[in-house]
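**Q** Grabbed the feature section from TrEMBL, which reads as follows:
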DNA_BIND  85-128  DNA-binding region
COMPBIAS  342-355  compositional bias 'Acidic residues'
DOMAIN    83-127  domain 'Homeobox'
DOMAIN    130-331  domain 'TLC'
REGION    342-361  region 'Disordered'
TRANSMEM  37-56  transmembrane segment
TRANSMEM  135-154  transmembrane segment
TRANSMEM  179-198  transmembrane segment
TRANSMEM  301-323  transmembrane segment
Amino acid sequence: MFWTFKEWFWLERFWLPPTIKWSDLEDHDGLVFVKPSHLYVTIPYAFLLLIIRRVFEKFVASPLAKSFGIKETVRKVTPNTVLENFFKHSTRQPLQTDIYGLAKKCNLTERQVERWFRSRRNQERPSRLKKFQEACWRFAFYLMITVAGIAFLYDKPWLYDLWEVWNGYPKQPLLPSQYWYYILEMSFYWSLLFRLGFDVKRKDFLAHIIHHLAAISLMSFSWCANYIRSGTLVMIVHDVADIWLESAKMFSYAGWTQTCNTLFFIFSTIFFISRLIVFPFWILYCTLILPMYHLEPFFSYIFLNLQLMILQVLHLYWGYYILKMLNRCIFMKSIQDVRSDDEDYEEEEEEEEEEATKGKYMDCLKNGLGAERHLIPNGQHGH
């Protein structure tokens, strides 16, 4: 059964243009061609990247975070068995009727119960240090892979002349630089996929899963069908913008608002140019239109472009979020990732500041001072 499926799956008509056989892509005369078996190594390399990431976060990202003044924060919550059981076994977001009943049962005010649940939810939220470590790791990798991609591609004719992408296809030999570019990129996306359940979860968690799976599927398919030249162009167009996003996040977590805003504007500009202009009008033109001058439509051509179009839809999806953040930056003078769920934390901080202010105000009144710490006459506290 397995061998029957395998034979059917690797039929030439699914992967190659008509009249081309797998035997045409056998290594010969010192020329090496892509093989699906090459991709097996991406899984162990992904786990190797996870080990490298762990070391990087501990010995590079953490000291860098401390130099920015970012520390590991421990959010303490007053122990309460009744509320803890309700939190774990019922819901993390109690209704007003639940809050009323829990307040009576615990001999607390409803306000105290609300604050306990808010603090308990915040206790499970990722710390600022964890977010900085993740952004720092992604920044380091994207910087490395972008520099490597430019070094791999700068002297390749298909970077400047899109017709060269299809010159001799599919009998195009594999270059060592193309091999390592693909293997490193795929291994990185596998490592991100393996870590999704442990990394900071955002509102677009499902979109991230789709994106990583689509990226891995697209790179795997383009490898097996020998769309290597167009594949390297797709990768460099995506990587070049991500550096600026991750660096903006790092400075955001460090509290360097002005630097974060500047980097985010740079990222937004590069994103809209690379993914909403270059990708559809350069890459898709290269993969969708130009092959028709050399080849008749065939299955892998259709499937490749279908995946690229799905990727373009994701670009539009993230473009929407970027516009929301730009709007917040322009009109609110600060950038916050609209995908994050930090509302409870911010609300709690505001409440604490409000209570601290009220406490100081009451101390001033007790000492016969106004809010601006000026003496006030007796009997005029209410004015």
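Every residue, even glycine, has its Cβ placed from backbone N, Cα and C.
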**Q** What are the DSSP helix, strand and coil residue counts for the DNA-binding region (85-128)?
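**A** The counts are 31 helix, 0 strand, 13 coil.
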**Q** I'm a bit unsure how to read this: which one of 37-56, 179-198, 301-323 has the highest number of Cβ pairs shorter than 8 Å with the transmembrane segment (135-154)?
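**A** Comparing 37-56, 179-198, 301-323: 179-198 has the most Cβ pairs near the transmembrane segment (135-154).
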**Q** Is the transmembrane segment (301-323) packed against any residues at least 6 beyond its ends, judged by a Cβ distance under 8 Å, and which are they?
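**A** For the transmembrane segment (301-323), the nonlocal Cβ contacts are 17, 204, 207, 210-211, 214-215, 217-218, 221-222, 225, 227, 234, 268, 271-272, 275-276, 279-280, 283-284, 287-288, 291, 295, 338-339.
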**Q** What is the pLDDT of the domain 'Homeobox' (83-127) when averaged and given as a whole number?
**A** 85
